[in-house]
Protein chains: 2
Amino acid sequence: MIDTKKITARGRPRSFDRDKALATAQRLFHQKGYDALSVADLTAAIGINPPSFYAAFGSKAALYAEALWLYEANEGLDVATALAPEIPLGQGVAAIFKQAADAYASGDARGCMVIEGARGTVDPEAGAVARSRMEASRSFIRDKIAARDLPQAEILADYIMMALAGLSSSAKNGLPTQRLRTLAAMAADGVTQHIEEA
Amino acid sequence: MIDTKKITARGRPRSFDRDKALATAQRLFHQKGYDALSVADLTAAIGINPPSFYAAFGSKAALYAEALWLYEANEGLDVATALAPEIPLGQGVAAIFKQAADAYASGDARGCMVIEGARGTVDPEAGAVARSRMEASRSFIRDKIAARDLPQAEILADYIMMALAGLSSSAKNGLPTQRLRTLAAMAADGVTQHIEEA
DNA sequence: TTTTTTTTGTATCAATCACTACATAAATCC
DNA sequence: GGATTTATGTAGTGATTGATACAAAAAAAA
């Protein structure tokens with residue numbers, strides 16, 4: 001495979017910062033959702049015209065996919081640390097829920113961008129992308145639990161995803177951080193109880 | 001031709017059954033969501049033309065409000081019975097969650113029409129209607145709990161709404177009934193634990 | 001300079017959205 | 001019967017959607 005990385009750019013240089021535009025798009029997608037945010041909104045926020053938009057990002061859905069990836073990299077929950085083998089599972093799950101409570105209620109874009117995008121998005125392509133990322137998260141969590149030789153990895157992963165969806169929903173409904181944290185602690189009790197019973 | 005509701009109707013009689021059309025609309029709104037369902041879809045499904053649609057229902061948003069009301073009347077959870085004073089609270093909440101697990105995974109329209117509508121709807125008017133109904137449900141639940149002289153009525157109501165949102169989300173993601181029931185039972189544990197701690 | 005390559009701004013495109021103007025059809029009231 | 005009232009079908013409204021055609025502009029390469 002030949003390196004296709006351009007060392008020197010040919011042609012007219014881009015007049016805007018692509019990474020900055022992507023960050024702007026990610027924030028707006030998170031705030032308003034895919035369907036409620038038009039390409040006209042995006043180009044206006046970035047400060048470019050439609051042809052520049054499509055030349056740089058391909059399509060609205062492709063930009064959304066990039067934005068989701070950026071969101072997961074920057075604001076995603078640290079599941080790997082929370083579910084590390086040396087930490088008791090109940091404690092790890094509680095840590096995840098607490099992280100979620102803090103993250104989902106912070107800033108102007110409330111809720112989880114992936115979870116909300118997977119559910120509410122009308123556009124089929126964008127919805128499929130978000131659902132794919134959500135399923136990837138579920139698989140990651142399930143594998144982390146299964147590594148403990150626990151037979152309930154599947155249902156526990158389902159429960160965690162359910163609780164995160166509930167927390168995201170409550171956050172979007174405007175619940176303050178402190179109240180979300182209480183809900184997170186209560187939801188974590190459902191896990192500890194289920195492990196003890198087994 | 002078909003329908004003569006009022007025997008003493010004045011002008012040309014309506015050629016379709018309004019109640020049947022409303023039921024059709026309710027099912028479609030629940031299946032596809034408000035934004036993904038166009039007026040053209042609705043008129044095609046009912047078998048009428050746009051003028052008849054608007055003469056009968058006023059607007060798409062007004063029909064959605066009627067559909068939400070019909071949904072709550074026909075498929076709403078029986079919270080009043082579950083949270084009756086003579087039933088232990090933990091048991092009542094578990095009953096609500098089990099009801100939700102069964103209802104949200106049944107048929108072709110998965111999830112709760114109110115919860116999903118309150119969150120994902122882009123249209124401001126329709127979203128506000130759904131959110132209003134959801135807030136009414138929360139208040140009803142809170143009052144039922146507060147009637148037991150429990151100081152945690154607010155947070156418990158928040159927790160129930162959070163769990164219902166999570167169950168609705170998981171149901172829309174395709175989880176089968178049996179798995180949803182297990183999640184419902186786990187979520188109910190979070191309540192019993194919280195009551196015992198107080 | 002001349003050529004080549006890429007981005008830019010202007011000005012759209014066709015499709016879809018919720019919604020209606022209008023004339024006709026079908027009923028009751030006088 | 002004629003007048004009145006309501007619903008219907010045809011056809012189309014303006015607005016908005018995501019995405020483009022086109023030619024000028026701006027850079028490197030020849």
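Note: Cβ is positioned from N, Cα and C throughout, glycine not excepted.
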Study note, to complete from the structure: When TrEMBL is consulted, the range among B:38-57, B:58-77 described as DNA-binding region turns out to be B:38-57
Practice item. Could you please provide the mean pLDDT value for the domain 'HTH tetR-type' (B:15-75)? Key: 98
